[in-house]
Amino acid sequence: MGLPWCLMSLFFCGILQSHASERCDDWGLDTMRQIQVFEDEPARIKCPLFEHFLKYNYSTAHSSGLTLIWYWTRQDRDLEEPINFRLPENRISKEKDVLWFRPTLLNDTGNYTCMLRNTTYCSKVAFPLEVVQKDSCFNSPMRLPVHRLYIEQGIHNITCPNVDGYFPSSVKPSVTWYKGCTEIVNFHNVQPKGMNLSFFIPLVSNNGNYTCVVTYLENGRLFHLTRTMTVKVVGSPKDAVPPHIYSPNDRVVYEKEPGEELVIPCKVYFSFIMDSHNEIWWTIDGKKPDDVPVDITIIESVSYSSTEDETRTQILSIKKVTPEDLKRNYVCHARNAEGEAEQAAKVKQKVIPPRYTVELACGFGATVFLVVVLIVVYHVYWLEMVLFYRAHFGTDETILDGKEYDIYVSYARNAEEEEFVLLTLRGVLENEFGYKLCIFDRDSFPGGIVTDETLSFIQKSRRLLVVLSPNYVLQGTQALLELKAGLENMASRGNINVILVQYKAVKDLKVKELKRAKSVLTVIKWKGEKSKYPQGRFWKQLQVAMPVKKSPRWSSSDKQGLSYSSLKNV
């Protein structure tokens, strides 16, 4: 068989060379007619001349004395070769204008040419054939046809494609349908019916690749045809609307300063419409951007929803905008099969407010300085401020309160404390500030009961002034009786306040009443020589703790002179 085939090849090459110089209408390589088939499956290929390039069919051409010749060029080769029609079991054969492969092999890939000619006429066209492998899930580099089904709208059928002519109508092949790798059996809304696959009310979940495998018997040999297609569920025609422009809109204003970058997006929604040509474009002052003397950049992008609704965006940008650019009219346009829409962008020059940086800084600094000064003044002179307020706006506590004394003085009965109370405290509080003091040893009558008179004096007083010293805390003294009575009166009735003056430091407080009093009351400390000056902090603290009382007895100068002279002798 090898020798005859070689002789035939040489004869064919001779024919091709003998006609090489003759005129032949060569339609070239028709890449649009590329044919893809699976390995080890039959392929049936018609000569494209009679389908797209010539006005007559094969029967007419044959009866006119024209001969159809087939040859091919192997993949990655340049040499044209005759097709071997003498392979075992007629694996490759020709029937009229059809070239048959039963089945294909990977090395059948190449460019195939069909030539129609006689002694006076010649016409030929080439087309590529690609034999591809498939895996167990029918995945392959093949370009898949797409079937679009309207969402939730009636019953849709798809048919296993490109199987006509492979077997006579008397043969009933078996057909198995798959979605991806899964055979379609008892699916919710998908039902196979032979060559057809029915979708009952399609849903987005039906999106995917569907494969039909057709099996038939020919001349005792079993052949398989595998056809895969993509199903996409798309928006219903009843939901089709004209374009909707998201941006620009009336709510957004593009304010820019000259020299800044201006960026305006034209973002448009298109509902799915079969075979609709969706487009968007900009106009500037009614002209195309290319016709305007402005350096404009336009970038377009497209995204799709699960039902193939489309969102298309064109971003218009001007790197450095000028005042003239900010006065132009920028309009976004959109069009689909349902209608058109347009929306102008609001662009204006930003108004720059006057900058008061120096003034604001000075004002802020002055405010901070004033606050700091006020805090310092209050911290240093708060006693003077309280006394000033009491002197001019305070309410006299002595009016109609039924009290006879302003202060009851409680102290330890020894020479040092008595001298401090009788000379220093009494001298300033009575003579300087005009308060009326109750000093038990001075104001009590002889022969009276000490306990009763002490309680009576305390009840008649507005304040209880306790002079603390180590001798004060000794158990069983009259001073402790006075302290307990004052604290009890303050706690139960609230008509007396206790003032603690520390004459000398007390290290160990064993009296619980005194401990409790020191923990909740402010202690005014006597600091010896430092505290003798009548305008000092000690006397101001003590005066703040005293009852508010109007006493015009002394002028300021008299008070100062008397206090200082009286204290100097203490």
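Glycine is treated like the rest: Cβ placed from N, Cα and C.
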Taking CYS24 as one end of a disulfide recorded in Swiss-Prot, give the other end from among CYS114, CYS122, CYS137.
CYS122
In Swiss-Prot, CYS332 is disulphide-linked to which residue out of CYS266, CYS362?
CYS266
According to Swiss-Prot, the cysteine among CYS114, CYS181, CYS212 that forms a disulfide bond with CYS137 is CYS181
Could you check which of the glycosylation sites (ASN57, ASN118, ASN157, ASN196, ASN209) sits closest to ASN107 (N-linked glycosylation site), going Cα to Cα?
ASN209
Which residues, sitting 6 or more apart from ASN111 (N-linked glycosylation site) on the same chain, put a CB under 8 Å from its CB?
LEU29, TRP72, THR73, ALA126, PHE127, PRO128, LEU129
Same chain only, sequence gap of 6 or more: which residues have a CB within under 8 Å of the CB of ASN196 (N-linked glycosylation site)?
ASN157, ILE158, THR159, CYS160
How many whole Å apart are the CA atoms of ASN118 (N-linked glycosylation site) and ASN209 (N-linked glycosylation site)?
47
Report the mean pLDDT of the predicted model across the domain 'Ig-like C2-type 1' (21-128), rounded to a whole number.
88
Tell me the coarse DSSP state (helix, strand, coil) of ASN107 (N-linked glycosylation site).
helix
Between ASN57 (N-linked glycosylation site) and ASN209 (N-linked glycosylation site), the C-alpha gap once rounded to whole angstrom:
36
